[in-house]
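> What follows is a structure written as C-alpha cells; I'll ask about it next.
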Number of protein chains: 2
Amino acid sequence: MPQWDHFPSAGLATFLTLHDIHQATTEFTPPPNGHTTQHLPHAQNESPDTPVRRLIQDTRNKGYETICLPLTTEKWKERWEGMCLLPSSPIKEEPESADVDTKKKEIARAAELWRARPCFLPDEALQQELAYASYLSIHTVILPAPRNRSHVASYARIINNCLKNTPYLYLSVRLPIYNPTILHQAQAHTGSGLGLAVSPASTPALIVSPDPSTPSQSTQNGISPESEMNATWEMWDVIRSICDYNTRLTLTLDLTPPLPSKLGVLSKWAAESVRYIFLPASTFIANTKGYPVLPKPTQSFIRDSMIHRPTVILAEVTSDKHSRGGEAAYSQYIKFLEKTSAVVRNAQKEGTVEHFAQGYQDYLQAPLQPLMDNLQSITYQTFEQDPVKYERYEEAIFRALMEWPVEGRIVCCVAGAGRGPLVARCLNAVQRSGKEVFVYAVEKNPNAYVTLQQRKDREWGDKIKLLFGDMRSLDIPEPADILVSELLGSFGDNELSPECLDGAQRFLKPTGISIPSSYTSHLAPLSSSKLYNEARASKNAVESLETPYVVMFQAVNILSEDKLGCGAKIQECWEFEHPRRDGVMATVVVDERGLPLTNNHNVRSARLRFWIPHAGVLHGLAGYFEAVLYGNIGLSIHPHRKDQISKDMLSWFPLFFPFKEPLYLPSNSELQVSIWRLTNERQVWYEWHAESFLTVPLAPPGVKSDSDGTPTSGAQGQGWAASSPLSVPSPLADDDGFFSSSTTAGGNGGGASGSTGGEGSTIGTRRGSSSSGIRTPGRVNRSVTLPHVFGGGGVGGGASAGAGGGFEVVKIGHTSLHNPGGRSSWIGL
Amino acid sequence: MPQWDHFPSAGLATFLTLHDIHQATTEFTPPPNGHTTQHLPHAQNESPDTPVRRLIQDTRNKGYETICLPLTTEKWKERWEGMCLLPSSPIKEEPESADVDTKKKEIARAAELWRARPCFLPDEALQQELAYASYLSIHTVILPAPRNRSHVASYARIINNCLKNTPYLYLSVRLPIYNPTILHQAQAHTGSGLGLAVSPASTPALIVSPDPSTPSQSTQNGISPESEMNATWEMWDVIRSICDYNTRLTLTLDLTPPLPSKLGVLSKWAAESVRYIFLPASTFIANTKGYPVLPKPTQSFIRDSMIHRPTVILAEVTSDKHSRGGEAAYSQYIKFLEKTSAVVRNAQKEGTVEHFAQGYQDYLQAPLQPLMDNLQSITYQTFEQDPVKYERYEEAIFRALMEWPVEGRIVCCVAGAGRGPLVARCLNAVQRSGKEVFVYAVEKNPNAYVTLQQRKDREWGDKIKLLFGDMRSLDIPEPADILVSELLGSFGDNELSPECLDGAQRFLKPTGISIPSSYTSHLAPLSSSKLYNEARASKNAVESLETPYVVMFQAVNILSEDKLGCGAKIQECWEFEHPRRDGVMATVVVDERGLPLTNNHNVRSARLRFWIPHAGVLHGLAGYFEAVLYGNIGLSIHPHRKDQISKDMLSWFPLFFPFKEPLYLPSNSELQVSIWRLTNERQVWYEWHAESFLTVPLAPPGVKSDSDGTPTSGAQGQGWAASSPLSVPSPLADDDGFFSSSTTAGGNGGGASGSTGGEGSTIGTRRGSSSSGIRTPGRVNRSVTLPHVFGGGGVGGGASAGAGGGFEVVKIGHTSLHNPGGRSSWIGL
C-alpha cells in the first residue's frame, strides 16, 4: 500500500477486487512507446505500462492516497487449500471406500512433496505469502479475522511468528467492530481463508443484524449485548497480547456492522492501534436525494476516530449501490466528516491544548523536578505562554486584594518567582485594585534571578523587592499577608509544592492567605497499548515502568464510568491545603527556623474503587490535579471540569502511572486502586497497586446448594455487613479498624481526605471545606459497603435477583506493587 | 528463634508468653558464680545466667528445638500506640471542647518530636522493632495478620518495605487457615496491634464456628463457604504478591479454627511457603482418657504437611487445658503424627520415588537432550538403577515374543542401546521365551559404544550384533520384527522419540512392532510459589521462564479437579504411535534413504479446558507422560495411574512449564490451556498459553434488562450453540471450521488426537485404539460446548437457575505466549 502524501487527518484508500484487476487487464492498451517491461518508477504524466499500474494511476487521479489489492488469487487459494488442508470429514472415523482413501492419500502426498521443497507448515504458507509481499515493498498486509474464538490463540501464535520472520512488514488484522459472525459468513461465502489477502467486502445480503442496542433479542441467545459488543475486541486483545504488543501489528476496523446508537461501548477502540477503517459502500445509506451518507452512529464514530489519523478504506465504491454521486461521493463524504469533526477542528484551532500539543500526543516526558533542578530559560518561556494560567492568577490576586478585610498596606510574597510572570501579574492586580501593596519575590534559581533583576530594573522598580534563596531556608524582612506560588505538578503535589510551602508558610502572617489555597489529586484507570509500549520501550524497561510520566493523552481510553454507590469515573485521592488549617500543622513540631522536623505530615494514601462497565486492559492510571487559587477561581486539568474552571490552559498535561503487566478487566467488574504518597528524609515518591473484582452467582451453577431457590435478597443484602464468627469480612468492605488509622494518613489522620462521590461542577459548591472552614473528616471512609455496589440479590432490579442465593464479589486479579521504596523518586528534601 | 538441631520432618517450637517470662524473672536465682552479664554462648551444662536463658534451657530440655518469644511488651505497645495512632474518633467532625483538642495536640506533638529523633513513620515503627530483632540475631519474626481485607495492600506494602530494609531477617505472617475474624477478635481482646510480636493465642471461648462444611449457614451471611475458606489465602496472596514472592517472607498457619472435614480446599497451602504451624492447646480435644489429641481433619492436615518440614509452634501447653499428660503430651502427640504420616513413611522407605528423590524436591533440572548431547556414563548409571522400568521392558519383550504369530527366527533391534541395559533385558526375555531370536543393538554415542563392545565380549557373545551410528541414517543388515527403544522424556516426546523412531522405522518390517507402541503427553495447571521463584532466580529470568524443567514436585498444588462435562484434573494433550498406523506415515514423503522429507507430521497442538474449583495462582503447567510398551504393559508418571502401571519407577520426574507472570484464578473458574509442539528444519520446541474464564450473571445486577425474570433455561441452553447473525460464538465453543484444520494437526489431521474425558484406570481399557486398530478421529473435538460446562440457567440444579437470564462465561485473564519461536529449544534435526 504505497502512500503518496500526507492527508491532514484521515487518509483515503480504495479497495480493488480481483474483478477490477481482471477488467483492467482486459481493457488495457499498452502505451505507444511499448515500454511494457519498464520496472522503474516513472513520471506522473507518463502512460502506465502495465494494467495494474494503469489502475493505480486511475485511483490516484480519483484522490485516494492508498490502494488495497488482494495479494491472493483464487487459483492460489485453491492450490493452497489442497496442499495444506484436509477435507473436513474426520479421518477413518468410519471405514471408507478404498477410492476415497487413495484420493486423500494422493492429495496429502502431493502436499507433503510441495512442503518439502521448500518445506513449510500451514502457518509458513502464510509466511511465504508475506515474504512475497515484503519482496514487493508492500508496507502493510491486511489479514482476515480469525473465524472462531476458540482458535484465536492459534491464529495469534502464527501472526506472532510471521511478525518475527518478516522484519519490516506491518500486519493489520481486519476485525468487525463487533459481532464477528457477520464477517465469518461473508468469508464463508467467498471462500476466503487464512491466505494472505484483504478479505473481500461483505455482501449487503449478510448485513441483517438488527440494532444491537436492543438487548432482549441477543439475550435470547444466551449472550448479553455487552458480551456481543465485546467479542471482537476480546479477540483482538488475545492477538495483540500473544504478539506481545508488537508495534508492527495494527488493526483494520471493519465498519460493516451497523453501530449501536450509544457509542460508549466503542470507546475501547481508542486505546488500540486502529490504523485502517474498512468501510464498504453497503454501510452507506441513501439520503433523501439518493446520495450515499452514513448512519448517525457511524458518522460520529468516524468523526471521533479522526484524531487517530486512520486511513479509511472505501470498498465496493464502483458498484453503483447508490443512485447519485457516483464513486467520488463516498470519498467526498469522508472528507466532509473530517472537516466537520470536532476533534480535527479543535486541533487546528490556535489557543487550544490540542493545537498546542501537536506532536506531543502520547509522548512520555519525565515530570519536571524544579526543586532539584534549576530550570532552563526555554522551559520558563514555554510555560509563560499559557494564556489562561496567569490570567487566573491575576484574577485571584485581584479578588484577594479587593476582599482584603484590613485597611492599609498589604504585603504580598511571590514564592518561586522564576523569570517573573507571576510578579508581573501580581503588579497588574495591585494596580487594578488601587490598594497599597508591597511585593517580595523569592527565587532560588540563580540563573532565573538574573532575569528577575533585569525586569526589576526595567519594569518594576521599587514596587518590589527581590530575595534570592530557597523558600524553605530564606528569611524575609517582614511577614506576608498574601503568599502567591505556582509549584504545582500534573498530579498537584508531585513537584513538591507541599514541602516548599511548608517552608514558605513561615513568613506568612497567621491571618494570611495562600494562593493557591488548596489542591487535590485525581486518578482514573486507563487503557492504552500505545503508552504501554512507549513506557517499556526504554532501555531499562523495569525501571521505566515504575515511573510516572507527563503525557498529552490521545490513544487512550479511561476504563471507568460513574456509578451510583461505587464512585466516579475520575476520583479524588487527597488534598493539600495552604496554610494548613486542618489542625495538622498545629501538631507539627518545627525547628528553630520554623521548619517541620519531619515530612511525616505530607504522607498521603488513598484506596479508590472504580466501576468498569466494559471489558478492557488496564495499562496504567491517569493522574490529574485541580487547584483552588482563591474563592472560586481555580486551575484544573480534570477532564470533566477543566473547561469550566480554566479552559484552554496549556501548562499541564496529565500524569501517567504505568503498570508493568497489563491487567485484564472484564465487563461490569470493579477495580480497586491503592496509591500512596510516601517520604523519607531525602525523597518523596508514589507507590501504586490495583486489584480487580467481579460479581459471580453466590451458589455457582453446578455446585450443590442447600438453598431452595427462593430469592432471599433481603437477608443477603444485610449479610454483607453482618459480622459473626463464621462470616469473613467482604473483600471490599471497610471499617474503621486499627489498620486504617495507622496507614491512611501518615500518623495524623489528616491525610486521606475528600470523598469520592458527587463531584460537583464548580469549585465553590464542591469544596465545602473552603467556604465553611470545617473540613470533611480526615479519615472519611472512601469505600461504600458492598450492598451498594453490586448488591445482593435485591439490587439491580428483579431481573437479576434470586440466583439460588444472590451474588458475591470475588477477586479475579491484581497488579504488582509499583515503585516500592521509591525508585526514580523526586529528591527534594 | 534459634534452631538447635535438625528434626527429621516437623520441628517443634514452644510459644512463651510475657507471663512466662515474668514468672521466670520472679523465680530466677542467679548461679553461684554470678556471671549474669555473660553474653557469650555457654556450654549446655553450665547454669544459665539470666532468666530468659534459664527459660530457654528449660524449653530445650523439654525437647523443643525452637522457641517463640514476644518481642513487644505492653509498655512498648502503649507508648507506640500513643505515638503513632490518633484516637479513633474523627478529627473535628464536630467542634470539640478546648480541653480535648489541647490534649490531642499535646499527644500529637509528643509523637512528632519522638519521630523526629530518630524520625520514622508508623511503618518505620515496625522497622525499628525489626532492626532490634535483627540486632539480637533473631532468625524469624512472626507478624500478626492484617485485620481487614481492605487494608491488606497497605499491610503488604509495609511488609515489603521492611523486607527491603532488614536484609537478613525472615518475616512470617501468622494467618488462620481460614476465617480471619476468629483471629481478629482474639487480637481485639488482647489489644495486640501491628507491633512486632507473636500475636497471642486465641482463647478457647472464641472458637465457636460451626463445621464450615455446612454451606447453608454461611450462605445466610451472603458469603459462600468457598469464599470463606478462601479469605485468608486471598490475603496471603496479596501480601506475597506485593512483596514480589520474597523468599524471606513465609507463612505461619494458625490452626486455631477447626478444619473442615473435606481437606481438598486446603491443598492450596501446599503451594505456599508454610514455614510454621501455630497450634494452641485449645485446638486439642481430650480423648476418652483425658489426653490431648487433635480432631481428625487437623490430624490429617498435619500429617500431610509433614512433607514440607514445618516447625510446629505449640502454645498454651502449660495452661493445663487437658486433664492428662501434662505439657509433654502435646509434643509427644505431634511426634506421633509425624511417625504415622504416610508422606514421611514413603520418603523413608527405600525403593520409592520419594526416597530416591530426597534432596531433589522442587529442584529445577534442564531436561536431557540425549539426541544432541552424548550422555555421560554416570547419567546412564543413574537411570539403570530403576527397578521398575527395565522389568517392564523385559516383560513387554517377553510377551511380544510369546505372542509372535509367525514361527521361526525373530529379528529384534534395540535402537539406542546406551550401555546395554535394554539389550540385557532383551536377551533375558529371549532366553525365557525359548524362541530363536537375533538381536541388533544400535548406538550413536561413541563412548557408550565402548561399554557395549565390552559387554558383548564378556556377556553376550554372538547372540547379538552391535551397530554404531544414528538410527536416523544407519542401515542395518536385515529388517527387524521387533523394534525396542527407550527415548522417552518426562513429557513423552520431549527427548525427540518421534523423530528418532521415524528414522528407525525404516528398518522395521511392515508387519513389525515397536516397543513402545505409543505414548501420550498429559498436562495439569499448577501452583507453586517455590517453583516460580526457582525459575526466575536464574540470571536470565526472561529466558528461564520460557523453558520447561524436569522437577520432582513437592511444594506444589494442582489447581484443577475432575468435572463432568469439562474435563479431567489431568488431561491428555496428544499421542504418538509407532509404527505409524494412523495413515500419517502413508502420506509422508520419504527420501531415497526412507527418511521423511519434513518433520511436519510431528507437529501437535492441544487446547484443554480445566475446571478450577478453588481460587489459586497459576504458576505453570505440570507435564506427564504415559507409554504403552506392549499390550497392557506400560510406563506411566501420570499421578493417578502410575501406581497401577509402573509403581516405584524412578527414571522420570514430571516436566514443569513455567509461566512468566502468575495468573490469578478465582474459585469455580475455567482455565483454557493451549500448547503446541512445533518444529522447523533444525528444532523441535513447545509453545504454551493460557486464558481464564468465569461465570457471571447474564444480566448483571445494576444493569437494566428487558427480561421479566422468568427462567428461560431451555432457550439459553440452546443459545450457546445457536448461531444467528447477531449471536457471537461463545468464547469457549468450538467448531470444525477452517482454522482448526489448519493449526491443530500440522496439515494432516492426525496430530491432536485422544480425548479428554473418561480416563480409565488401566491401559487396556483406556486405549481402545491399541486393541481395535481403529483410532479415535484425528480431529476429535477436545472442547465440549458450553452448556455442559457452566450451563445456562438450567444446569447445576434448580437452586442456581433463573437469575434474570442465567449465566454467561466471561474472560477474565490470560498469560503471555510462552517460548514463541522456540527459545532454548531442543536442537535435534
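Yeah, the Cβs are placed from backbone N, Cα and C, and that goes for glycine too.
Pasting the relevant annotations from TrEMBL:
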COMPBIAS  B:25-48  compositional bias 'Polar residues'
REGION    B:25-51  region 'Disordered'
DOMAIN    B:353-515  domain 'PRMT5 arginine-N-methyltransferase'
BINDING   B:Tyr380, B:Lys389, B:Tyr390, B:Glu443, B:Asp470, B:Met471  S-adenosyl-L-methionine binding site
SITE      B:Phe383  site 'Critical for specifying symmetric addition of methyl groups'
ACT_SITE  B:Glu486  active site, proton donor/acceptor
ACT_SITE  B:Glu495  active site, proton donor/acceptor
REGION    B:701-785  region 'Disordered'
COMPBIAS  B:721-732  compositional bias 'Low complexity'
COMPBIAS  B:746-761  compositional bias 'Gly residues'
COMPBIAS  B:762-779  compositional bias 'Low complexity'
> Most Cβ neighbours within 10 Å: which of the binding-site residues B:Tyr380, B:Asp470 is it?
B:Tyr380
> Could you pull the average pLDDT for the domain 'PRMT5 arginine-N-methyltransferase' (B:353-515)?
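Here the predicted model's pLDDT, averaged over the domain 'PRMT5 arginine-N-methyltransferase' (B:353-515), is 94.
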> Measuring Cα to Cα, how many angstrom lie between B:Tyr390 (S-adenosyl-L-methionine binding site) and B:Glu495 (active site, proton donor/acceptor)?
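Per the Cα atoms, B:Tyr390 (S-adenosyl-L-methionine binding site) and B:Glu495 (active site, proton donor/acceptor) stand 19 Å apart.
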> How far is it from B:Glu443 (S-adenosyl-L-methionine binding site) to B:Glu486 (active site, proton donor/acceptor), counting Cα to Cα, in Å?
12
> Could you tell me which of these recorded positions, B:Phe383, B:Met471, B:Glu486, B:Glu495, has the fewest other Cβ atoms within 10 Å of its Cβ?
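Checked B:Phe383, B:Met471, B:Glu486, B:Glu495; of these recorded positions, fewest Cβ neighbours within 10 Å: B:Phe383.
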> I want to check the contact list for B:Lys389 (S-adenosyl-L-methionine binding site): same chain, sequence separation of six or more, C-beta distance under 8 angstroms. What comes out?
B:Phe383, B:Glu486, B:Leu635, B:Ser646, B:Met649, B:Leu650, B:Ser651
> The record names B:Tyr380, B:Lys389, B:Tyr390, B:Glu443, B:Asp470, B:Met471 as the residues that bind S-adenosyl-L-methionine; what is their largest Cα to Cα distance in Å?
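So the binding residues stretch over 24 Å, Cα to Cα.
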> 10 Å Cβ neighbour count around B:Glu443 (S-adenosyl-L-methionine binding site)?
26
> Translate the DSSP assignment of B:Glu486 (active site, proton donor/acceptor) into the three-state scheme.
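For B:Glu486 (active site, proton donor/acceptor) - judged by DSSP and reduced to three states - the answer is coil.
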> Roughly how many angstrom lie between the C-alpha atoms of B:Met471 (S-adenosyl-L-methionine binding site) and B:Glu495 (active site, proton donor/acceptor)?
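Their Cα atoms are separated by 14 Å.
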> How many whole Å apart are the CA atoms of B:Asp470 (S-adenosyl-L-methionine binding site) and B:Glu495 (active site, proton donor/acceptor)?
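Cα to Cα, B:Asp470 (S-adenosyl-L-methionine binding site) and B:Glu495 (active site, proton donor/acceptor) are separated by 15 Å.
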> What Cα-Cα separation, expressed in whole Å, is found between B:Tyr380 (S-adenosyl-L-methionine binding site) and B:Glu495 (active site, proton donor/acceptor)?
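Counting only the Cα atoms, the answer is 15 Å.
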> What three-state secondary structure does DSSP assign to B:Met471 (S-adenosyl-L-methionine binding site)?
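B:Met471 (S-adenosyl-L-methionine binding site) sits in coil per DSSP, no helix or strand.
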